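K.L.:
Just lifted these from Swiss-Prot, have a look:
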type: BINDING; residues: 19, 103, 192; note: Cu(2+) binding site
type: BINDING; residues: 181, 190; note: O2 binding site
type: DISULFID; residues: 73-195; note: disulfide bond
type: CARBOHYD; residues: 155; note: N-linked glycosylation site
type: CARBOHYD; residues: 243; note: N-linked glycosylation site
type: SIGNAL; residues: 1-18; note: signal peptide
């Protein structure tokens, strides 16, 4: 990396240190390094399982861009060349570098079948079905405890389960946090989508129907245009949760109580999966070879540990001024 590029990168990191992104995953107990912002300053850029994007200031996609490709996998995202391998029914841990405590909101995970090679698929043709969600967990205090808070408490890690009955193949997993701290006014919500290629194995046969990325949300959805600083019954945005029967859980028309129950159940399941699998990456040896996917069996401990240096919760709580611009 040239000195000028290094200087630009260091300045960018200092300016947006409060925001984060998914730097790696643990898929079925194996760690894979994702796309890193620093990759954009390397020539050539190393191959990765994570989709590259031009969101180098770690900013967000606003509701005004919901009908554009930027909502799918972040700003001007391009296909990842590699894929992480995982079996249907296994868990996947998304490791965020850091997240501001003030950026409360839901955590949502989708899958889309590439029906071929995910390295060349047109992202605008991907049809996403929701496999995991968490929203408002506890509203005893304002603004409440959210899925984003649970992720922070779990060392900036969120766990989801790949459905056991879906057909094997190449998929894009779309994982995002929607920050709602400014969502009380139109175009105030902040979406932080992340996309990763998966090669899913198994004996399932189901091919769930999905929704195009540009049609997942509208700017006036009740879970998007919402004031979290007032008492509320929160509805998680997006299409219905997928399940084997084809019925939805926590749909847009679901009652608030049903939504809350679904969130608690989902979050509890995520916590128990982390404890049961005991997958961690605190001692992962990351390969330095450019273009090679990092694939290392995680050592058994009781806590997921991010490979990248983790910022403290105190640092995360400082709201970055640029995010509300």
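Every residue, even glycine, has its Cβ placed from backbone N, Cα and C.
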K.L.:
Consider the recorded positions 19, 103, 155, 181 and say which one has the Cα lying nearest the Cα of residue 195 (disulfide bond).
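P.N.:
So, of the listed recorded positions, the one sitting closest to residue 195 (disulfide bond) is 19.
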K.L.:
Which of the recorded positions 73, 155, 181, 243 has its Cα nearest to the Cα of residue 192 (Cu(2+) binding site)?
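P.N.:
Out of the listed candidates, the nearest Cα belongs to 73.
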K.L.:
Can you tell which of the disulfide-bonded residues (73, 195) has the fewest other C-beta atoms within 10 angstroms of its C-beta?
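P.N.:
Counting other Cβ atoms within 10 Å of each of the disulfide-bonded residues 73, 195 gives the minimum at 73.
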K.L.:
May I ask which of the recorded positions 73, 155, 181, 190 is closest to residue 19 (Cu(2+) binding site) if we compare their C-alpha atoms?
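P.N.:
Result for residue 19 (Cu(2+) binding site): the nearest of the recorded positions is 190.
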K.L.:
Quiz question: given the binding-site residues 19, 103, 181, which has the greatest number of C-beta atoms lying within 10 angstroms of its own C-beta?
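P.N.:
Highest number of other Cβ atoms within 10 Å: 103.
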K.L.:
Count the Cβ atoms, other than its own, that fall within 10 Å of the Cβ of residue 192 (Cu(2+) binding site), considering every protein chain shown.
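P.N.:
Residue 192 (Cu(2+) binding site) is surrounded by 26 other Cβ atoms within 10 Å.
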K.L.:
Which one of these recorded positions has the most other Cβ atoms within 10 Å of its own Cβ: 155, 190?
P.N.:
190
K.L.:
Between residue 155 (N-linked glycosylation site) and residue 73 (disulfide bond), what C-alpha distance do you get in Å?
P.N.:
23
K.L.:
Consider the recorded positions 73, 103, 243 and say which one has the Cα lying nearest the Cα of residue 181 (O2 binding site).
P.N.:
103
K.L.:
Measuring Cα to Cα, tell me the gap between residue 73 (disulfide bond) and residue 190 (O2 binding site) in whole angstrom.
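P.N.:
The separation of the Cα atoms works out to 14 Å.
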K.L.:
Is residue 192 (Cu(2+) binding site) helix, strand or coil when read with DSSP?
P.N.:
strand
